[in-house]
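Listed in Swiss-Prot:
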type	residues	note
TRANSIT	1-31	transit peptide
BINDING	Arg88, Arg122	fumarate binding site
ACT_SITE	Ser143	active site, proton donor
BINDING	Arg196, Asn289, Ala345	NAD(+) binding site
BINDING	Arg196, Asn464, Asn509	(S)-malate binding site
ACT_SITE	Lys214	active site, proton acceptor
BINDING	Glu285, Asp286, Asp309	divalent metal cation binding site
Amino acid sequence: MLVLCSRSRLTSSLIRRLKDQIANVSNHRSFATSEGHRLAIVNKRSLDILQDPWFNKGTAFSMTERDRLDLRGLLPPNVMTTEQQIERFTADLRVLELTTKDGPSDTYDLAKWRILNRLHDRNETMFFKVLIENIEEYAPIVSTPTVGLVCQKFSGLYRRPRGMYFSSDDRGEMMSMVYNWPAEQVDMIVVTDGSRILGLGDLGVHGIGVAIGKLDLYVAAAGINPQRVLPVMIDVGTNNEDLLKNPLYLGLQKKRLDGEEYLAVMDEFMEAVFTRWPNVIVQFEDIQNKWALTLLQRYRHKYRTFNVDVQGTSGVAIAGLLGAVRAQGRPMIDFPKQKIVVAGAGSSGVGVLNAARKTMARMLGNDESAFDRARSQFWVVDDKGLITEKRANLDPEVQPFAWKENEISLQGLNEGAKLVEVVRQVKPDVLLGLSAYGGLFSKEVLEALKDSTSTRPAIFAMSNPTKNAECTPEEAFSIVGDHVVYASGSPFKDVDLGNGKIGHVNQGNNMYLFPGIGLGVLLSGSRIISDSMFQAAAERLAGYMTDEEVINGVIYPSISRIRDITKEVAAAVIKEAVEEDLAEGYRDMDARELQKLNEEQILEYIEKNMWNPEYPTLVYKKR
């Protein structure tokens with residue numbers, strides 16, 4: 001009894017002392033927030049704390065913590081450092097490399113994902129420390145492209161719940177369901193309906209894998225606290241016949257809802273999450289084309305929400321397009337002079353088109369005539385060929401980019417002209433692929449691009465996953481020439497051109513932008529997420545590279561610099577939110593104080609609000 005009383009007094013005393021320290025810090029004006037004070041009061045101990053990945057430290061629990069949390073004797077006696085834990089984990093991966101290095105790459109990547117996922121399930125702090133320190137190697141494992149394979153095999157890989165599932169069977173219950181999530185505060189939600197997963201089609205409930213992977217990158221790149229992120233799957237059924245017939249499928253085995261029924265489910269979900277967490281940011285992920293733009297327009301002026309496939313992909317593409325202008329030795333202001341042939345008119349293609357047109361128009365004066373002049377710089381080709389006003393049942397979103405027949409005939413083209421014909425006649429500066437059709441940029445198309453009027457034509461093969469890329473970098477450099485600028489949506493290795501020359505592969509991953517967009521919106525307290533924020537973010541990314549890097553064909557920076565890139569992008573978003581009078585501030589930084597910050601102070605503010613994977617001091621307090 002004496003020992004128990006003594007422990008109780010010790011714990012209570014420690015809680016009071018730590019609370020006093022935080023109160024003292026709060027009384028002094030500082031950019032620091034709770035992200036900088038790694039204290040966590042927990043309501044569990046003993047085996048319960050070891051089963052909680054948010055707080056479990058494994059062998060790194062100190063002896064005093066083991067006493068406070070009733071862990072003494074439940075762990076091996078040697079208290080390990082973080083570095084030692086990473087060394088043990090890395091050793092497991094190196095064994096995997098030795099045993100699978102000669103096997104198929106998919107098998108090896110999936111095996112790495114399994115090992116990382118097991119770490120994620122038992123110790124989130126260690127998982128994110130490993131991910132951040134090896135971001136170039138592991139980002140393609142936790143997200144694109146390996147996550148596509150994970151989603152395809154999800155029913156067999158599922159072991160432990162992560163995130164939340166809202167289904168059409170839950171209609172009328174979602175407002176209460178959101179309170180089943182244990183976190184009192186959620187800053188970021190990534191939600192998918194599984195209808196269009198990475199160009200793999202309708203994967204139903206398996207699609208939650210992309211939401212999980214995307215949030216892993218938010219934490220690693222933007223420093224969003226992992227305890228305040230929530231992956232969500234909206235299961236409204238599936239039209240995938242294989243899943244409907246599979247007795248082991250984990251989702252609803254009925255046809256996908258459509259029309260007003262679908263919208264009713266989405267409306268109820270959005271109302272529920274914003275009722276519990278009014279300041280949360282919701283990012284839509286891998287929603288089929290027919291709904292992606294509809295949902296974005298439906299919610300964007302009411303909630304803090306965006307669609308990474310439409311706006312994120314377009315922002316990264318704009319940054320790359322501006323970088324391609326720089327690679328020609330020209331200033332970015334010359335962007336409106338670029339001739340761009342676009343292959344693909346889905347949600348991603350339309351998003352890029354609209355963003356590029358707005359960027360050009362802004363450079364041309366931002367009036368009605370500027371938008372009209374900008375439109376004439378694009379030639380859009382889909383699976384039926386060149387799009388003109390003669391096209392029947394034309395999507396309203398694509399209508400502004402449809403050429404008039406009398407105008408296009410003067411160029412020797414007509415409705416439905418094949419991609420190779422368009423490239424031959426237009427001689428574009430940029431060939432932009434957003435078609436999700438692997439190999440679309442055939443040898444014939446690439447040879448036609450050799451006649452481009454540009455001194456340095458650019459190829460953007462942006463479709464994911466890797467097999468859907470419109471062409472490989474080897475094909476681009478070998479057919480078009482060493483001078484071409486090449487960007488892709490999935491990772492490829494640089495190409496050895498011989499004579500000591502390297503053909504740089506620029507992965508136009510939307511990872512360059514979406515973490516900074518989310519972080520900037522969060523820290524600015526912006527009421528909504530505007531198109532201008534994406535434009536500001538894209539321009540900041542385009543200007544991130546040095547002149548020397550750009551002249552060498554490098555238009556996107558190394559992913560190893562992603563946290564620094566994210567800070568820069570977030571700063572651009574915060575400044576834009578302030579300029580548009582949308583910023584309301586965050587925590588103890590109100591809107592008026594935010595307006596007073598210069599560039600250096602904004603970056604400092606961002607840095608001090610980014611979560612870092614360091615073990616907090618854990619203190620037990622009974623509920």
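In case you wondered, yes, glycine gets a Cβ from its N, Cα and C as well.
Positions of Swiss-Prot features highlighted on the structure.
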residue: Arg88; record: fumarate binding site; Cβ contacts under 8 Å, 6 or more apart: Met80
residue: Arg122; record: fumarate binding site; Cβ contacts under 8 Å, 6 or more apart: Pro53, Asn56, Gly58
residue: Ser143; record: active site, proton donor; Cβ contacts under 8 Å, 6 or more apart: Val210, Gly213, Lys214, Asp216, Leu217, Met511
residue: Arg196; record: NAD(+) binding site; Cβ contacts under 8 Å, 6 or more apart: Asp202, Asp286, Ile287, Gln288, Asn289, Ala292
residue: Glu285; record: divalent metal cation binding site; Cβ contacts under 8 Å, 6 or more apart: Val190, Val191, Thr192, Val210, Ala211, Lys214, Asn307, Val308, Asp309
residue: Ala345; record: NAD(+) binding site; Cβ contacts under 8 Å, 6 or more apart: Val380, Val381, Asp382, Ile387, Asp395, Val398
residue: Asn464; record: (S)-malate binding site; Cβ contacts under 8 Å, 6 or more apart: Thr144, Pro145, Gly148, Leu198, Gly199, Ala436, Gly489, Ser490
residue: Asn509; record: (S)-malate binding site; Cβ contacts under 8 Å, 6 or more apart: Ala139, Thr144, Val316, Gly489, Pro491, Tyr556, Ile559
_Secondary-structure category, per DSSP, in which Asn464 ((S)-malate binding site) falls_ = coil
*Within 10 Å of the Cβ of Asn289 (NAD(+) binding site), how many other Cβ atoms can you find? Include all protein chains, please.*
19
*Measure between the Cα atoms of every pair in Arg196, Asn289, Ala345, the residues the record assigns to NAD(+), and report the largest value in Å, rounded to a whole number.*
15
_Additional residues around NAD(+), ordered along the sequence, whose Cβ is within 8 Å of the centroid of Arg196, Asn289, Ala345_ = Gln288, Lys290, Ala292, Gly346, Ser347, Ser348, Gly349
*asked:* Using the Cβ center of Glu285, Asp286, Asp309 as the divalent metal cation site position, which other residues in that chain lie within 8 Å, going by their Cβ?
replied: Thr192, Arg196, Ile197, Val210, Phe284, Ile287, Ala292, Asn307, Val308
*asked:* Let's check the environment of the residue listed as 'active site, proton acceptor': how many other CB atoms sit within 10 Å of its CB?
replied: 28
*asked:* Counting across all protein chains present, how many other Cβ atoms fall within 10 Å of the Cβ of Asp286 (divalent metal cation binding site)?
replied: 26
*asked:* Suppose we draw a 10 Å sphere around the Cβ of Asp309 (divalent metal cation binding site). How many other Cβ atoms does it contain, all chains included?
replied: 26
